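Look at TrEMBL and you will find 666-685 tagged as compositional bias 'Basic and acidic residues'. Under the heading compositional bias 'Acidic residues', TrEMBL lists 687-722. Taken from TrEMBL, the feature domain 'Lipase maturation factor 1/2 N-terminal' applies to 123-284. Look at TrEMBL and you will find 437-579 tagged as domain 'Lipase maturation factor 1/2 C-terminal'. Under the heading region 'Disordered', TrEMBL lists 655-722. Annotated transmembrane segment per TrEMBL: 12-30, 76-95, 102-123, 129-146, 215-235, 247-278, 310-328, 349-370, 390-413, in sequence order.
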Amino acid sequence: MREIILPRRMFLWSMAVIYLAAFVSLYMQIPGLYGNDGLLPARWQLRYSGKSLGEQLLSSPTLLWLGPRLGLDTHTAMELLCLIGAALSLAATLVEALRDSVVFFCLWALYLSMYQVGQVFLYFQWDNLLLETGFLCILVAPLTLIRGSRGVRAHDRVTFWLIRWLLFRLMFASGVVKLTSRCPTWWGLTALTYHYETQCIPTPLAWFALQLPVWWHKLSVVGTFVIEIAAPLLFFSPLRRLRLGAFYLQVLLQVLIILTGNYNFFNLLTLALCLSLLDDQHVHFWLRKADKISNNDSKLRSWLCYLLELAVWSLMIFGSVVCFDLKLDTTKNSISSRTAFTFHQFNQFLKTVTIPSIWIGVLSLTWEMVTAMFRCACVSGFLKRFWGTLQWTVFAAATVAMFTISLVPFSYIEFDSHARLWPGVRQAYDMVDRYQLVNSYGLFRRMTGVSGRPEVVIEGSNDGVSWTEIEFMYKPGNLSAAPAVLTPHQPRLDWQMWFAALGDQTQAPWFTSLIYSLLQGKRDVIELIQTDVSQYPFYQQPPTYLRAHRYRYWFTEPKADGSYPKRWWRRVYDEEFYPTVHLGSTFLESMLNQHGLKDKSPPRRMPNTTVAQTVRWVRSQVRGVPTHILIWTLIASSVTLCLLQGLQNRNKHTERTPLTYMAAGNDHRDNVPDDSSDHCGKSDEQQTAEEEEKKEDGQDSEDEVEEGGGEEKEDACDDEED
């Protein structure tokens, strides 16, 4: 069985980077979204009714309840928690010892605290996914700060298996809901002919992707269904190459989404989950390092595996051809496709595979638990074996509990399967639901904007005659402005503007708060629209009147001669979205009162504690900096420092290598304890096995020791450094 040491470490490092991007992105938007002058002040979500701290945490699990005890208002407390989260995640990115269960617990608790008061601006599926993955990191990460060791634990494969199960639930559900929603574009395989221009914030490459022929778009939809519905079943395959094939299919899909759309950290988080499909041997292949695990499989077994893998891939291709009626059209040099099954047939398929997929998960988890138990039993020494068995018992129980409660949201995809769950499982899920430990997923359920991308355009005026459009920094508005590239930042106001355009303004109460804040000229809200307030048309004086209209946007098309147009977008007027209002207007006041958006409490005095002053100083240093630039700078700096640190460690090891050779040549017995004292984080089991091999093979000539001993140690250390 292959080791998963390197994929696990890569996953934890990736999670630290994703947490960094998430906290920094949210921190930069707190004043405009949740501040005292924000759109939806967070203090409205915290009602101090005289309850004890424990009762408050049970009713709403957020650390913001501690704000008054620290002399901080809710706004300042939110910024402080985000700064702590960003600092912890940055430190975990740079220092491996801090990629610890305790640190990941703190990061999860901090983000959960933000989520509890985030309201509509934080209710996205990727926020739920980050919280669920972050909680699993607590089980996957080592207890470095407590135990002082990053050695391999026997139960690591068990807890890391939960990451693979989460990836399966995410991808399988995302594929299934596209068909269960009965969206005509998904069933007609035409969804991608609309997706590139109707998604929230497309990238410049989305314009070029939309120009591809229709048959290619339809074939891409077929590929999406295969990757999201069929390929996830290979995640639990006992054949290693099938899992690797499924890994590369998932990576292909996520990379294409990143290139054509700005979906913040979601796709990066999905790529991190895909690391659970890898093993050390494949990472060594990436690093061009020889794998020291000898392949003892017989030729017969190898050929049987090859034949079985070929049969699986052939079955997937054949199933795709049959289910989507794929035909090669030589006259048009294209491939025709259509959905060759009905909704009833797909529903029957879903009923057939949902419960078996759960049992496949049960068998896969059981196998990991049994093999981990045998590892514990094979440890030499009673105390080590007892301690390993105790750890295995605790973490195996936690893994089983997480798997069990995850069946509730997973079975939402099929009603009959969900109804067959044991009631006790649903009760357990209800008990932990507020902590977002497990969630249901289903992205791109229905394709919007089939008749044109709806876009709300806000206009301001000082005289009610001449109107000026208020252009947002990221979302489409200006017809000549190129689409932005801002992954992994999520401008949450721009995203909600996209959702607001899909319905009526009464379905987006926060929009009235936005209009009211712009009429008052609140700087914190203006910075959500334009980080550089000088680009805001009314930065010197707030507009007297505001209104909003809905337009239909489309990407432009290449000219007849093949040249590119000067504009990226074209649009037509649709309808009025929000009537003309001014401060004190009857309609505006009625909407504010109807949605409870008018704050009648007296102005709050800003705290002057040392902590509050420090938080305000940090805010003054980053004010005016584009958030996506700040995130890119932090990530690039972290990656550079990590690379320099790795090169420095490798150079130090290279300098120590001649001394190792001399010690091996002078006295082989003296070399044994020196070598065993520097195993670069190897587990006790690995060290014991290597020492036994040395005892058996240590009677060979000293020349062989000089040639092989130091080299083997160098390879092992390089593995850990990489």
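Any Cβ shown, glycine's included, is placed from N, Cα and C.
Residues 136, 139, 153-155, 158-159, 161-162, 165-166, 169, 172-173, 176-177, 180, 350, 354, 358, 361, 365, 369, 372-373, 376, 421, 425-426, 428-429, 432, 437-442 of the same chain lie 6+ residues outside the transmembrane segment (390-413) yet bring a C-beta within less than 8 angstroms of a C-beta in it. By the Cβ criterion (under 8 Å, sequence separation of 6 or more), the transmembrane segment (247-278) is in contact with the transmembrane segment (215-235), since 3+ such pairs are found. For the transmembrane segment (129-146), the neighbouring stretch richest in Cβ pairs under 8 Å, chosen from 12-30, 76-95, 215-235, 310-328, 349-370, is 12-30. DSSP states for the domain 'Lipase maturation factor 1/2 C-terminal' (437-579), grouped as helix (H, G, I), strand (E, B) and coil, give 35 helix, 34 strand, 74 coil. If you look at the transmembrane segment (102-123) against the transmembrane segment (349-370), you find fewer than three C-beta pairs under 8 angstroms, all six or more positions apart, and that falls short of contact. Among 12-30, 76-95, 215-235, 215-235 has the largest number of CB pairs under 8 A with the transmembrane segment (349-370). Beyond its flanks by at least six residues, the transmembrane segment (215-235) meets 164, 167-168, 171-172, 174-176, 178-179, 186, 189-193, 242-243, 245-246, 249-250, 252-253, 277, 312, 316, 319-320, 324, 326, 329, 332, 334-337, 353, 357, 360 of its own chain at Cβ-Cβ distances under 8 Å.
Same-chain neighbours of the transmembrane segment (76-95): 12-13, 16-17, 19-20, 23-24, 26-27, 30-31, 34, 42, 63-64, 66-67, 70, 103-104, 106-107, 110-111, 113-114, 117, 606-607, 611-612, 615-616, 618-619, 634, 638, 641-642, 645, counting only residues six or more beyond its ends whose CB sits under 8 Å from a CB of the stretch. Sequence-distant contacts of the transmembrane segment (12-30) (same chain, at least 6 residues past either end, Cβ-Cβ under 8 Å): 38, 75, 78-79, 82-83, 85-86, 88-90, 92-93, 96, 99, 104, 107, 110-111, 114, 121-122, 130, 133-134, 137, 140-141, 264-265, 268-269, 271-272, 275, 488-493, 528, 622, 625, 627, 630-631, 634-635, 638, 642.
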